[in-house]
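Single-structure report; data block below.
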Amino acid sequence: MTQLADLRRNYMLSALSETDVAPDPIRQFQSWFDEAMQAKLPEPNAMTLATVGADGQPSARIVLLKGMDADGFTFFTNYESRKGVDLLANPRAALLFHWVQLERQIRVEGIVEKVEDAESDAYYASRPLGSRLGAWASEQSREVAGRDVIEAREADFRNKFGENPPRPPHWGGYRLKPTWIEFWQGRPSRLHDRIAYRQNADGNWQIVRLSP
């Protein structure tokens, strides 16, 4: 059996210089995301979302990025889920994209706020019927006696709404407005390149290199 201590690889694919990155972190993110798409990575929009509850307990899970612009990074979920409860108590959160095949990570920190209802409505309407009904059927993060309970709830809402379920009031979008974005490129000998963008009080971005 392979020992965990022996599992390692050397990163050789690319390099990252502060003189080569875009002056704006969103443009730099878009550039790297485009490369991830061109490389046909599986679910390049999958990201770890880390939150902290009112009790100080952190939690993390994978969610999907569904929008990105100068205002931030958008995802959708149940407002009553653990992440929703955490964000209500503490809107500070972090995102992590890990693209193994490109030997890259992107880490984002910032403040999360709900998107406008119209944006949540539009995205909800674009989802497959099963996903729209699932948003009603799932009391996300709550204990449940068995899968049959969830499936029965889904059937009940399917009978109630047919093919036109409205958006549940407990479901919608969040946007993380970044204050810090770090781009990590694996390099040989664990001397990785880490270029970070730090937002100053005036809203401008300062580019810094971090020690690996």
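Cβ atoms here come from the backbone N, Cα and C positions, even for glycine.
Straight from Swiss-Prot, the features:
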- ARG8, ARG9, ASN10, TYR11, LYS66, TYR123, ARG127, SER131, ARG190, LEU191, HIS192: substrate binding site (BINDING)
- 61-66, 76-77, 82-83, GLN105, 140-141, TRP184, ARG194: FMN binding site (BINDING)
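According to DSSP, ASN10 (substrate binding site) is assigned to coil rather than to any helix or strand. When the binding-site residues ASN10, GLN105, SER141 are compared by the number of other C-beta atoms lying within 10 angstroms of their own C-beta, ASN10 comes out lowest. Cβ neighbour density within 10 Å is lowest for ARG8 among the binding-site residues ARG8, LYS66, ARG190. In terms of C-alpha distance, the listed binding-site residues ARG61, LEU65, GLN105 place GLN105 closest to ARG8 (substrate binding site). Residue density at LEU65 (FMN binding site): 19 other Cβ atoms are found within 10 A of its Cβ, drawing on all protein chains shown. Sequence-distant contacts (6 or more apart, same chain, Cβ under 8 Å) of HIS192 (substrate binding site) comprise TYR11, TRP184, GLN185, GLY186, PRO212. Under the three-state DSSP scheme, ARG82 (FMN binding site) falls in the helix class. Long-range neighbours of ARG82 (FMN binding site) (same chain, six or more residues apart, CB within less than 8 Å of its CB): THR51, GLY53, SER59, GLN140, SER141. The DSSP secondary structure for ARG190 (substrate binding site) is helix. Within the same chain, the residues at least 6 positions away from ARG194 (FMN binding site) whose Cβ sits under 8 Å from its Cβ are GLU182, PHE183, TRP184, GLN185, ARG209, LEU210, SER211, PRO212, listed in sequence order.
When every Cα pair among ARG8, ARG9, ASN10, TYR11, LYS66, TYR123, ARG127, SER131, ARG190, LEU191, HIS192 is compared, the largest distance found for this substrate site is 43 Å.
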